[in-house]
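I have placed the structure first, in the form of structure tokens, so that the comments after it can refer back to it.
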């Protein structure tokens, strides 16, 4: 039991660290709380609550892992390193993919419940979000190549 309580203590310290130092984690936690409150207000069924929970916890888990990767890279390579930059970008990309998934889930479930949206609206929102990312990446690459 002593080992478990120590492990729990360290895990709570890690959560405190990510919450107090990472602005995005605070924002994501706020949206998570709002989503759970809305789920209660809208009286979502078991399946809907599980989908909302999956989406929320995927984002929070990946944001925590992204923070871990960034801190490890900074510790290993305090000076600028292009490969480290790519590694950090990949961690951020994982969070962005999970966030896109959570937006689609929210649009399907909350949109359906509050505005009687058909599920395809969630897919359309997901497609638009992905297109926005692709177009933004292409435009950024064009600017980077032109100086």
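Glycine residues also receive a Cβ, built from the backbone N, Cα and C atoms like all the rest.
The annotation transmembrane segment is assigned in TrEMBL to 25-44 (among others).
Residues annotated as transmembrane segment in TrEMBL: 50-69 (among others). With a threshold of 8 Å between CB atoms, the same-chain residues lying at least 6 positions outside the transmembrane segment (50-69) that come near it are 14-15, 18, 21-22, 24-25, 28-29, 31-32, 35-36, 39, 44, 87-88, 91-92, 94-95, 98-99, 101-102, 105-106, 109.
Long-range Cβ contacts of residue 63 (active site, proton acceptor) within its own chain (separation 6+, distance under 8 Å): 18, 22, 24, 25, 28, 95. Taken from TrEMBL, the feature active site, proton acceptor applies to 63.
Annotation source TrEMBL lists substrate binding site at 63. According to DSSP, residue 63 (active site, proton acceptor) sits within a helical segment.
In sequence order, 88, 91 are the residues of the chain that are 6 or more apart from residue 70 (ATP binding site) and have a CB within less than 8 Å of its CB. Annotated ATP binding site per TrEMBL: 70, 88, 89, in sequence order.
According to its DSSP assignment, residue 70 (ATP binding site) is helical. Per TrEMBL, the feature divalent metal cation binding site maps to 70.
Marked as transmembrane segment by TrEMBL: 90-109 (among others).
Per TrEMBL, transmembrane segment is recorded for 121-139 (among others). Counting only same-chain residues 6+ beyond the ends of the transmembrane segment (121-139), those with a CB under 8 A from a CB of the stretch are 96, 100-101, 103-108, 111.
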